[in-house]
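Data first, discussion second: the structure below is written as structure tokens.
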Amino acid sequence: MCGIVGGVTERNLTPILLEGLRRLEYRGYDSSGIALISSEGAIERVRSLGKIRQLNDKIERTEHPFQGQIGIAHTRWATHGVPAEQNAHPHICNNRVAVVHNGIIENFADLKEKQIEQGYRFTSETDTEVVAHCLDSELDNANGDLLKAVQATVEHLDGAYALGVIAIDQPDLLVATRCGSPLVIGVGIGEYFIASDVSALLPVTQQFIFLDEGDVASIRRDQLQIFDKDGEPVERSIVTSSLSSHSVELGEHRHYMHKEIFEQPQAVIDTLQGRITDSSVLVSAFGHRAESIFAEIENIQIIACGTSYHAGMVARYWFEDILGLPCSVEVASEFRYRHPVIRNKTLLVTISQSGETADTLAALREAKQQFPGIASLTICNAPESSLTRESNLVFLTHAGPEIGVASTKAFTTQLVALALLMTAIGQVQKRLTEQREKTIVHGLQKLPTLIQNALKHEETIKQIALSFADKTSALFLGRGTMFPIAMEGALKLKEISYIHAEAYPAGELKHGPLALIDEQIPVVAIAPKDELLEKLKSNLQEVKARGGQMIVFEDEGSCVSSDNDNFHVVKATTNVGRITAPITFNIPLQLLSYHVALIKGTDVDQPRNLAKSVTVE
Ligand code: G6P
């Protein structure tokens, strides 16, 4: 995890680095720091525990203006060592070299032992500090040549890293490298920048170079040289980003999460655009090899983490119920280590907002190694991410940048993508009639309006949230595709309001959770009119009989009757279809957790202990 930003420019770099850090805060926010080379040629550093705003305040209070034209900065999500100022990056050795790091150095303990023997003193508990000492030692070996020192240093490192390095030996040079963690170079006019992702640099440039695994970049204000992992000079192309600077700004919203919830109708439109005709799905939207791959497959294996995993769980119902195609879904952190058996002709589908989640990426690599030739497809929101580079087929969700740690619009567009995937495979394998395909496509076209209408219930949901805020536990119930939606609802509540929440398939209530029910535990149920509705209604009676507080989200046809004050029924939508139902019913659950968190006064966009992009195990 963690976020890196850096640059070499003629202007004062400090505000650019601070703005970059703010934009990377979603990657970690327990501490941060900046190191610059001053006009006197010395390394100057400011670090702070807490959010970037605290770093900013500290910088404003420095005795002399904290300014420089070359520097590196970092926002941290603690892995090795508690969140504390002395563990914050940049790490410095001998006032000579400073480094920022994203990733984990797996052999840091061995390196540390040797460095202590060599006489290096450690001032932090981090794995990164070994990199700073190693650079110092390699600078000696290379007579102060920073590029050579970085190239030699990475030879000692096992694990994942993106590094930004400056040293007083060559005060005009920034060296950056990556292996297993993302890093982009922003190309300005007479200036260059580095960052963990493009969003950090959008205020200063839209031109980017994506480094390959093992690349080392030597960056001066007027000169960029890139060397591959063998030290050979290479050219990497410049890509113009279509993202605009203000697409990651808050606008009129109080939180990114709120903004992103309300962007969902547009995110669905953008994700469907160019992927469907009026009556069918364009198979080629999944890549030029999609048709031949889809024709062959007999099973689907979905792998993902967190919210993306819940999207996969919904899709399993679709693949098996609508297409009759076997589909398994597993969290990546389990899949990668349990030596799974994958049947022949399986399509491996990874789902990820960031495309950089360490477990998902490792699971994909593991599967490719165990089953050479396996076809892989990723549904991802980040073009140029590791997952998109390493998969045979890529489908980009066009959700736009998602900044709030709790995923909302990315989830919705993942579901849209999975519905398109299911339909495309059904079309190629003739498991769907033309009429059925047309019905699905028309349903998807109605989604933006359905979501828009569901969003109109915000005021009602705000009122319901009031009765939640003093609770310590909640239960979410659903059946069929509404079970993973209940899981997602419970996860959202946990993540941002810190209320313990569990989801159950409603039919399991009597096998345990019913024992928990009393007036202190609100129960949220999702009740669309489908073939399981009557069974769900019986489950709700079981809760009611035990005095539990019920909140039921239903559609027009469900007719769940509310006959007492403890029983709120919200008609969240009109009648919805098999595919549109889970996507639409998720919206009120997002709003519910948002408003509960708001009442509780938690940090909605950056909840404690979490990070948006989990690039470590
Ligand atoms: C973290 C985020 C979640 C996200 C999960 C998987 O836990 O906080 O919002 O669902 O990682 O991330 P991915 O980028 O792979 O979808």
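In case you wondered, yes, glycine gets a Cβ from its N, Cα and C as well.
Features reported for this protein in TrEMBL:
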DOMAIN    2-222  domain 'Glutamine amidotransferase type-2'
ACT_SITE  Cys2  active site, nucleophile
DOMAIN    290-431  domain 'SIS'
DOMAIN    464-607  domain 'SIS'
ACT_SITE  Lys612  active site, for Fru-6P isomerization activity
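For Lys612 (active site, for Fru-6P isomerization activity), the same-chain residues 6+ apart in sequence whose C-beta sits under 8 angstroms from its C-beta are Tyr26, Arg27, Gln353, Ser354, Glu402, Ile403, Gly404, Val405. Around the residue listed as 'active site, nucleophile', the same-chain residues six or more apart in sequence whose CB sits under 8 Å from its CB are Arg27, Gly28, His74, Thr75, Arg76, Trp77, His89, His101, Asn102, Gly103, Ser196, listed in sequence order. Here the domain 'SIS' (290-431) is broken down by DSSP into helix, strand and coil counts: 67 helix, 28 strand, 47 coil.
Summarising model confidence by region, the domain 'SIS' (290-431) averages a pLDDT of 95.
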